[in-house]
Structure formats: C-alpha cells, structure tokens
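Student: Straight out of TrEMBL:
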type	residues	note
DOMAIN	2-665	domain 'Myosin motor'
BINDING	95, 96, 97, 98, 99, 100, 101, 102	ATP binding site
REGION	545-567	region 'Actin-binding'
C-alpha cells in the first residue's frame, strides 16, 4: 500500500504526496513507514497484532530492508551493527504528546528482552530493565488533555551489553520533572499517577498508617483538574504492578515505606490552610495535616510550621526570620511540595540505577533509548513547556546535522559528488534561546540577578530591547499599557516560521497566524516573579541538555518519529491539518530532502545483484566475477540510461524511484 519508504516517492518535495502516502498506509493499519533508515510511526490508538514473539523472531537478524517497516527492524539493526562493529548506538524517539513515544520505547525494550541471549542471572537484569518502566511512569507520568499517560519528564536509558550481545545492566538519566503539576493541574488533567494509585490500590492498614482516606476528592492537590477518575486508567491494577516492580528492582520494605510516606506528606501539605492573625501574618490554626507530615517525614513540628510561615532574610550579617502573609505562605507551601517531590523523583531514579548497575569492569557496548517529553503547541506555555520545546528544537538540530553528515560521508566514501540541498536549518531558533549573552535564557539570567525588583514585565521589556528585531521572535511589549489596563499576562512567541500579522496575545491557533508557526514559547505568567527557581532551572536544563547532546554525538543514531493522527485518540481517524503540522515541525520533509539529495535509492552491489540477477542471461543463475561488474552488465542489459544511476565504490545509486519500480516490475 503506497510506498514503504518515502524516499521512493516520485514527488518527494510535495507535502501533499507525503500525507497521501501516510494516509493510505494508516487506513490499512500499516502504521510504520521509512524515510531511509528513519522510522515514521503513526499511533493507531488500538491494539495491533504486530508485536508477538513470532514477529520478533521474524525480524531478528534480518537485513533492514528485507521486511516491511517496523519498530523491531530499527531495534534489530542497531543491535546487529553494535555487535558486529562493537560500537555504541542510540535510538531517538520523538513526537508530540500522545503520539506513542513511551509505548515505542517499551516495545524496543521488550524486543531486546525476548531476542537477546540470556542466562538465569541475566534474566534478573532483564526483569529490572522492563519493570523500571512502570515505576518511572507512576511517579513521572500523568493524564493531560492530549494523553492519558503523558511522560512529564525526559528519559535517556542506556542498555549495556556484554561481548556476547547479552544485556547485563543499564543506566537512566532523567530530565526536568514537571514539578508544577504537583500543586496545579489544568481542567481535564491529573496529578502524577502514583497519588491516585496509592489511594485506589493501597490496603486499608497502609492508608491508615499514612493518615489518608481513599477518596481523592479530599485532597486539594488532586481535584483541580476535576477528573480524578479516568475510564482508560486502572489505578488499582497499576498499583499492583508498581508494588511487584519494587520488589524485583531490589527496593527494601523500609525504602518503600519511606517513599509512600513522602508521597502522603505531599498530599497532607496540599491540605494545609493558612489564616491571617491580627498583624496580617499567616498562621496555621488546624495542625492536623502538619502533625501527619511531621510523623511521616520525621521532621520537628515547630521547624515545619516555621518553614511554612516565615522566610529568612539577611539583616546586618545575621539571618532573621520574617513572617509571611497568607498569599506568600500558600506559595511557600507549594514550593516545599514541589521541592520534596522533585528530590524524591531524583532519589528514585538513583535507586533504580543502583539495581541496574553492572559491577563487572569489562568493556560494554550500549544502546541508548531517548524517550523525550512531547512537544506541545499550547495557547500559553508554562516555563517548563518552554524548556521542553527548546529541547525538541535541539534534538531536531541534531537529527538534521547527523543525517547530513552521514549522507555526505557516504557520498564521499563512494566517490559520488555531493549535491548541496536547500533545507530549513533551525540553528537560528536554538541560538535565539541559548546564545551566550544574547539568548532568551541569558537574558532571563541577567534579569534574575540584577539589583531591584524583577518582574514578568521587566523581563519582557528586556527581551524586546535585545531580541525584539529577531525574525522569529514576536513580543507584545508595544501594548504594555493595554496589558496592565486589561490585566492580561505579558507574553512572547518564538516561532520556526515567521508569523503573519497577529492580534494582541495571538498564538499559532488563532486566526492570522501562519499554520506552521511553532511555539517554543508564548511563555505565560510568573516566569520572573519567582526568580531563583527560574534562574536555576533554566541554566541547569541548558547545561544538562548540552551534556545529553554530547552523549548522543558520540554514538551511532537511529530515529523514530511518532505522529498523533487526531486529538480524540480515535482509531482510524486521520486529521490532515494536525498531521501536516507535525510533519512540518518534526522536520520530516527536511529529512526526506536530505536523504534524497540526488539519489532515491542506494544498495550494495552484492544485494542488488542477488535481487535482480534473473533479469539478465549473463548474471543468471550465477555471476562469477566481482559484484560491481555483474551489476554494470545487468543494468546495461535492462537499459538504464546514464542519467538514471551512478556507480560508487561498493554501491549502486539510483536517481529516480520510477527506475527502481520498473526494475521491480
């Protein structure tokens, strides 16, 4: 149905032809299509019978293009090359939230678990690798408007293999857990799964010991989204899986007890209420919740109360406690809850890493799985979403750079002249965000550190001054007085494609905006009002992202680009507008142009000859000379014209898909 590889499209520069091919295949439940060695995956929103053990064995050890496109082919190709060349690989899985990235990551892990060599000891490592997923999902995933199991953190997992190709260990790096979700959820969204799993699945004695009731409506941090119960999520069953996983991942009962004590303390924190005393200072009249927190965290009661109702300030080289008003006390409470959850998640990842660590000092090769958080195009992006979208831009830049480099190197090795191709280089977007002294993050740092009061508006004015004339940046500073009069939030938009005329606070989904504009930010309120946190997170995230890119640059890449076919998670529905938008910002047309760079198809002489030798009397049934000479004799007999092909050192390059299709016929 259609073509299995977009590189073989005749109209390879036509976005419409690209979408038509994707649609044809999707409607026949063919969710996978290649662009060269990149896999495009469209979420079917239903179970397909293509992930059986039989399917796994079918793809095991088979040449990449011999079978129809599949996730298993990507996994197997990376594994075989790693084993034969003894080098490190990574598989980058990216796409919008709800496109199927986390499921793709799990399917690849399962493939290695089934097809790699094993022993009884290795089975323990394998189980731990597989069961680390439900634990991380419980603490790091949540229901959002677009996805009932959305990863709210970035995850890079190295699977370590010994010289026999057996998985012997692993290591996980996590990036930017969305801590703001702990204290606030939008309408139609939930907090992290673990809270609901604990209340729904925890036994009566456990809940009693934690001071919790089973009803999530009793907890302020769980009711803001107004959807504690979701029909597609079985919290009780998921709780059982997580509890089993803890025992296999080598958590002691004491570890688990402490962990759930912390989870419960966050819920108790959310229920603390403050009142105003006669001096306008915040006080806690009902001490029930804080007593539970004191018990669960082992913290002194008076210290806890002090932390929530006072702040330390410097006065004459001394630290003095200054009382907070009620508003600031609520903010302090939420900040404590976020900090506790963030540190707990870091501890959890470190604990899992200890259980996956391989103590053997012999050399290992690795395959890394990067399941990065989904790019979102929202009316208003939070600070965290701005960071997430920036991360996706960096990975897009990496993909194009590595693909271009690989293509140019192959042409050079084969002695074929490289033909430069036009494509959108998103380096200009990455520089806008990260450039030293001039980028958005540097400007934010400056604004955070300067003397005097820093606010969202002062940050916006600084952006207007420094990057206001950038072709891909739009700010609304010219209407600051209107913003103040109407009590609207200051914002800015950073788009890949220069937008058209926009009205006040207009974003990509409003009329007048170019349909392919992509919000790296229209960053909403409160970015600069809470300076220290924003400063630390922005700088740390930028640095950790730089380290991640360095890790990836040292490995051989494979790519999976996931596409969400519609907003309603509906099987069989193909939303052209939504998919066209994803094709644009995932850079799939750019990638196709790079892969086509003059030639639609290339194959090693031996493989080409093996496939087509029956078409020429001189090469059938056996050709006894060098494969390159056999191919040359074969294509002359078929009637290839000089402009249709080039002969490299080890491969034949065919310029037009129609030439290949005619040969196939």
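Here the Cβ of each residue, glycine as well, is placed from N, Cα and C on the backbone.
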Student: Please work out the helix, strand and coil residue numbers for the region 'Actin-binding' (545-567) from the DSSP assignment.
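Tutor: DSSP classes over the region 'Actin-binding' (545-567) add up to 9 helix, 8 strand, 6 coil.
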Student: Express the predicted model's confidence over the region 'Actin-binding' (545-567) as a mean pLDDT, rounded to an integer.
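Tutor: Looking only at the region 'Actin-binding' (545-567), pLDDT averages out to 92.
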Student: Residues with Cβ closer than 8 Å to the Cβ of residue 102 (ATP binding site), same chain and 6+ apart in sequence?
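Tutor: Same-chain residues close to residue 102 (ATP binding site) (Cβ under 8 Å, separated by 6 or more) are 137, 141, 149, 151, 371.
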Student: What other residues of this chain sit with their CB within 8 A of the center of the CB atoms of 95, 96, 97, 98, 99, 100, 101, 102, the recorded ATP site?
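Tutor: Neighbours found: 43, 147, 374, 562, 564.
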Student: Taking the Cβ of residue 98 (ATP binding site) as centre, how many other Cβ atoms lie within 10 Å?
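Tutor: 24, counting other Cβ atoms within 10 Å of residue 98 (ATP binding site).
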Student: Relative to the Cβ of residue 99 (ATP binding site), which residues of the same chain, six or more apart in sequence, are found under 8 Å away?
Tutor: 41, 43, 374, 562, 563, 564, 582
Student: Around the C-beta of residue 95 (ATP binding site), how many further C-beta atoms are within 10 angstroms, looking at every protein chain?
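Tutor: Taking all protein chains shown, residue 95 (ATP binding site) has 25 Cβ neighbours within 10 Å.
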Student: With every protein chain in view, how many other Cβ atoms are within 10 Å of the Cβ of residue 96 (ATP binding site)?
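Tutor: For residue 96 (ATP binding site), the count of other Cβ atoms within 10 Å is 23.
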